Amino acid sequence: MVPDRSGVRHRLASAELQGSELQGRVLDSRGRSPPYQLDSRGRLVLTEAQVGDEQNYVCVVRAGAAGTAEATTRLQMFAKPEATEVSPNRGILSVVDDSAQEIATCNSRNGNPAPQITWYRNGQPLEVPLEVNTEGYMTIRTVREASGLQSLTSTLYLRLHKADRDASFHCSVRYHLPTGQHGRLDSPAFHLTLHYPTERVQFWVGSPSTTEGWVREGDSVQLFCRGDGSPSPEYTFFRLQDKQEDVLKTNLEGNLTLEGVQRGQSGTYGCRVEDYDAADDAELSKTLELRVAYLDPLELSTGEELSLHLGNSTAVNCSVQGLPTPALRWTKDSVPLGTGPTLSLSSITFDAAGTYICEASMPTVPLLSRTQSFRLLVQGPPQLRAEETQPKTEGSWMEGEEVRLVCSARGYPEPKLSWSQLGGSPAEPALQGQGWVSSSLTLKVTSALSRDGVSCEASNPHGKKQHVFHFGSVTPQTAQAGVAVMAVAVSVGLLLLVVAAFYCMRRKGRPGCCRRGEKGTPPAGEPELSHSGSERPEQTGLLMGGASGGARHGSGGFGDEC
């Protein structure tokens, strides 16, 4: 049985014991679908449990003469609600209002039992009452859906402050579980758009300013103005001229660009925030000093070239106009010479010739610098430098040996180099630099050169300079030739003696061989020498390589010939 709201009980089912079996039947399902059921043990079965099943159930037992007994049980249904939804106020909320404003609405749908809603700000729960007040409160509304589940709606109201501009809000739903524990469903976090008046203003020079606030002439400079009010207020940029405001621009971005600033634009600039909700004591205007750095071209007291005579002295001035005051320094070939506007040159030498640079720079304004240069020409008679021949001992030069002579000179105008002998190369810049030019001459050493020497001369309109190369004693080439001829003759004579001795040794073993070589009648069968002293045929064959004698006597080479 189930009791209704008036207390009337309605029988749902009954069961009786018939013999050894329990016979049960459902009397009234009260519109439940699917209907109630009884199992074999007489228990009431509710398939597909529903929220509507949540009520008191009464069981009555009748035992005849023993009497009647009953018991009541409560069936409770649990349903996890759907995901928590939050609808924040998307409008602009003012912190100026002195009453609580609607912040957001939190919804939890289709849960059972009815859940609880808690509001959070920056992760901390908000302790707000249900009663309406100026600082903050919330409202709660519970709706039972057609399904029997419950939906809960809570709306949060707060009085806002400027600190809430970055605050994170969300709501959380706490629902019941059958085990006696609780679950939690958090909504997405959200932020509010607040309107709050300006309290402070910042005004500064953007890139490309330097650490000391200077900007370079010709650069495009940006001025930035920012107020801490919301929404962004209107900004007015101005320049103070004789204590009067000259308005330059008004916008909502808070930016002012000065294209290609000039030195005349140095001065006091200001920014003002137009916020009519600001407090009376709020400082809504700021000013700053814009300083434009400039550097004019340098001027030298000389022209592009300065010509001085050797040994003279002079001073060169470098003048410059700039702000802040530029620093000056002098260099030559990247070597520092000094600082300041004046360069002093005293007792100049040819080494002083070259290009001098005056550089102006500003340590407080990087990349702002200029240079100016002049070329110093040192006029004077030539200086001469010779590369001597390799030193040789007395008489060690041989006639006909080749030697290379080198002469170098410098001066201004550039000197001309000439040799006392033909064949000198044209003058070219020398490897040692510093205005030197050099010429070389390659020739063969002779006795005449040893006696007279070879001279090199450098000359220009201011004078001449000469150097003479000497060679000392030179051994004649003819004496050496005679010695060589004598050595060859001795060698040939020795070779002939060796050949004659070898020939005689081969002939000693034949009878009459040596006699045939004596005066008298030759042996029979051998021809005589002609009156002209010609050799015998055998001897001719020997001189021709021994071909005829070898064929006749059956032996080669010298055979039986004398």
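Numbering starts at 1 and runs along the chain as displayed.
Note that Cβ sites are derived from N, Cα and C of the backbone, with glycine treated the same way.
Taken straight from TrEMBL:
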COMPBIAS  543-562  compositional bias 'Gly residues'
DOMAIN    81-191  domain 'Ig-like'
DOMAIN    208-289  domain 'Ig-like'
DOMAIN    297-375  domain 'Ig-like'
DOMAIN    382-475  domain 'Ig-like'
REGION    514-562  region 'Disordered'
TRANSMEM  483-505  transmembrane segment
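Model confidence over the domain 'Ig-like' (81-191) stands at 94, taken as the mean pLDDT rounded to a whole number. The largest share of C-beta pairs under 8 angstroms with the domain 'Ig-like' (81-191) comes from 208-289, of the ranges 208-289, 297-375, 382-475. Secondary structure of the domain 'Ig-like' (382-475) per DSSP, as helix, strand and coil residue counts: 6 helix, 49 strand, 39 coil.
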